[in-house]
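> Have a look at this one.
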Amino acid sequence: MAEQVTKSVLFVCLGNICRSPIAEAVFRKLVTDQNVSDNWVIDSSAVSDWNVGRSPDPRAVSCLRHHGINTAHKARQITKEDFATFDYILCMDESNLRDLNRKGNQVKNCRAKIELLGSYDPQKQLIIEDPYYGNDSDFEAVYQQCVRCCRAFLEKVR
């Protein structure tokens, strides 16, 4: 039997309390359900340092629980080491992408492929909008988009 290679993905948004923790939790469930979780290192982080150490937004936690998913994530800011250790850094919008490309260019041994998670959306919704100032239906929309994108991403890279 061929040895499985471990892959790694880091989901990133502005504050790491809404979109990226949802994406991380969705992807964890997908790889667990497909019995490939041992092949993956999965995390999420923020571009900013605003929420370091905080739990995800209660609306994000509620949305995930509604779908039978739990998360114990605590927000953290992306580090230079992340660019050198993760295979994929998947972000939510163009502002994240600009910030990550700028930071990644400052890391000599950047190996991460930095992309928009929405680039994997079969419905072609490139941007995953921040639901922070929205309501429960906005969080549900983020969840559904993350499910579509994470499924397509996993299919492409496995």
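Including glycine, each Cβ sits where the backbone N, Cα and C put it.
Sharing the features that Swiss-Prot gives for it:
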type	residues	note
MOD_RES	ALA2	N-acetylalanine
ACT_SITE	CYS13	active site, nucleophile
ACT_SITE	ARG19	active site
ACT_SITE	ASP130	active site, proton donor
MOD_RES	TYR132	phosphotyrosine
MOD_RES	TYR133	phosphotyrosine
> What is the number of other Cβ atoms found within 10 Å of the Cβ of CYS13 (active site, nucleophile)?
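Other Cβ atoms within 10 Å of CYS13 (active site, nucleophile): 29.
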> Pop the Cα-Cα gap between CYS13 (active site, nucleophile) and ASP130 (active site, proton donor) into the table, whole Å please.
8
> Anything within 10 Å of the residue listed as 'active site, nucleophile'? Look among the recorded positions ARG19, TYR132, TYR133, comparing CA atoms, and list what you find.
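Near the residue listed as 'active site, nucleophile' by Cα: ARG19.
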> Compute the C-alpha separation of TYR132 (phosphotyrosine) from ARG19 (active site), stating it in Å without decimals.
9
> Including all protein chains displayed, how many Cβ atoms other than that of TYR132 (phosphotyrosine) lie within 10 Å of its Cβ?
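I get 16 for this one.
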> Using other CB atoms within 10 angstroms as the count, which residue among the recorded positions ARG19, TYR133 scores least?
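Comparing Cβ neighbour counts within 10 Å for the recorded positions ARG19, TYR133 gives TYR133.
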> Provide the three-state secondary structure of ARG19 (active site) computed with DSSP.
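It is helical.
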> Rounded to a whole number, how many Å is the Cα of the residue listed as 'active site' away from the Cα of TYR133 (phosphotyrosine)?
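Counting only the Cα atoms, the answer is 12 Å.
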